[in-house]
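Novice: Look at TrEMBL and you will find 1-78 tagged as domain 'CARD'. Positions annotated as region 'Disordered' by TrEMBL: 94-130, 326-354. Residues or ranges marked as compositional bias 'Polar residues' by TrEMBL: 94-116. Residues or ranges marked as domain 'Caspase family p20' by TrEMBL: 182-312. The annotation active site is assigned in TrEMBL to HIS258, CYS308. According to TrEMBL, the domain 'Caspase family p10' annotation covers 368-444.
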Amino acid sequence: MQNAHRKAIQNNFGSLVEQTDLDVMVSALYEKGVFSEQMIEPFKDTNKDTRTRKRQLYMDIMRRGPDAFGHLLEALEENGYWNLVRDLDPASSLHLQPRNTYNNQDSKSGESNYVSIRTEKKRTKSNVEATKNEIQAASSASHKEGTDPSVEIPYFHVVKSRQFFEDNVDKDIKLYKTRGHQRGILVIFSYIQFCNDIEKYRKGVDIDCKKLKYLFDEIGFSVIAYQNLTKQETETTLKRLEEVLVGTECVFIVVSSHGYERAPRSADTDIRCSDGHLLSFLDIVERFNNANLPALRGVPKVFISQLCRGRNEEWTLVPRRRAGGAGDAAGAAADGAGGARGPHGARVESDGARWEEPLERQPDRIYSDILIAHSTVPGFVSHRDPEKGSWYIQALCEVFAARAHDCHVEKLFTLVDERMYDHFQVQTSSVEKWGFNRRLYLHPGLYED
């Protein structure tokens with residue numbers, strides 16, 4: 001297999017494991033001659049959990065010769081995994097097809113040429129049911145197999161939990177329940193390239209996505225990633241997400257694009273979609289309130305905003321703490337309008353530029369169980385290193401990997417801000433809580449019987 005093809009599989013390894021059906025892919029690859037009958041026997045060994053077998057499948061593909069990658073793309077396309085084909089193959093003809101044609105039906109699958117949320121729900125459920133008897137097998141196996149030299153993984157190690165945090169009857173603040181195999185779902189909306197070059201290409205965001213996929217896969221989440229959607233595609237996908245999210249213990253949604261403040265120091269931010277149209281960030285959050293999505297009431301919903309929220313550079317002059325530290329803004333980009341000079345004179349980039357009366361029950365609050373983490377404060381830019389990814393996501397992945405096993409999420413975001421300040425000095429993150437009144441522990445790699 002060519003190095004470029006192997007690299008493509010490595011970069012999308014988590015998505016392949018989470019979003020594909022094991023039996024479907026094994027059968028398709030067997031029919032195409034990628035594996036012999038003897039070779040597929042380990043993938044049928046039910047003594048191992050499904051995730052472990054899928055990880056082995058995609059590692060083995062990378063050893064199956066020069067034609068294996070092409071057969072993998074064919075198998076994915078034939079079984080409706082078009083988003084994965086696009087991610088794996090930049091030259092795929094699927095990139096040329098309109099991605100907002102939800103009414104166009106594929107003659108074989110009956111599903112949209114863009115994405116099938118219903119299929120994703122079935123796959124997520126089947127993965128969970130197949131791993132009911134495992135406690136730490138999925139994550140521990142992931143870590144062990146990650147040491148395989150053929151699979152490149154990010155540099156950080158995700159520390160696993162050894163015991164659950166317990167509710168204390170003497171404490172006023174209770175815990176969200178995060179003990180089952182449906183631990184959570186991470187949904188990533190990333191906008192990197194824009195129609196007619198209306199915005200600058202956001203180099204480094206692919207690194208953010210790779211790190212986030214790896215991090216949350218190791219924690220025990222299912223991961224669904226969308227890239228370069230139009231405004232219509234984004235709105236349609238948000239409407240259909242309920243089918244996937246109901247039944248999970250917690251939800252993380254990451255939005256990464258150029259962002260613009262709607263009014264001076266406004267709490268809301270306009271997000272640039274790939275077709276150039278703007279979408280309100282708070283409109284995304286509103287779709288998950290108790291009126292619009294009552295099925296997720298009581299389920300913690302964490303929104304992570306990697307967006308500029310204005311044009312201002314945030315820095316002041318203080319005595320230098322150390323010479324030439326990691327905080328120099330040289331080479332950093334900002335996700336927003338402008339592209340001003342940073343505090344050290346370096347060129348930087350920035351990413352910016354209904355309630356219905358309930359029936360047969362008592363009135364209830366519209367907002368609860370929502371936490372919003374912003375990479376910056378209103379009015380200011382959010383920086384991104386084209387080679388290492390955004391400052392905020394760098395810090396988030398490092399902190400969550402090292403401390404999610406012994407810290408609740410609110411503390412984790414506090415540590416993220418401290419880490420970002422320690423490394424870069426000139427960007428302040430912020431957190432909002434909308435009725436997020438319990439502690440959320442992610443318990444990486446730990447599952448209840």
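Keep in mind that glycine also has a Cβ here, set from the backbone N, Cα and C atoms.
Annotations in TrEMBL come from automatic prediction, not curation.
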Novice: Just to confirm my parser: what is the rounded mean pLDDT across the domain 'CARD' (1-78)?
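Specialist: Overall, the domain 'CARD' (1-78) comes to a mean pLDDT of 90.
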Novice: Quick one: pull the CA-CA distance for HIS258 (active site) versus CYS308 (active site), whole Å only.
Specialist: 6
Novice: In the domain 'CARD' (1-78), how many residues does DSSP put in helix, strand and coil?
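Specialist: The composition, in the requested order, is 53 helix, 0 strand, 25 coil.
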Novice: Given the active-site residues HIS258, CYS308, which one is most crowded in terms of C-beta atoms within 10 angstroms?
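Specialist: Answer returned by the neighbour count: CYS308.
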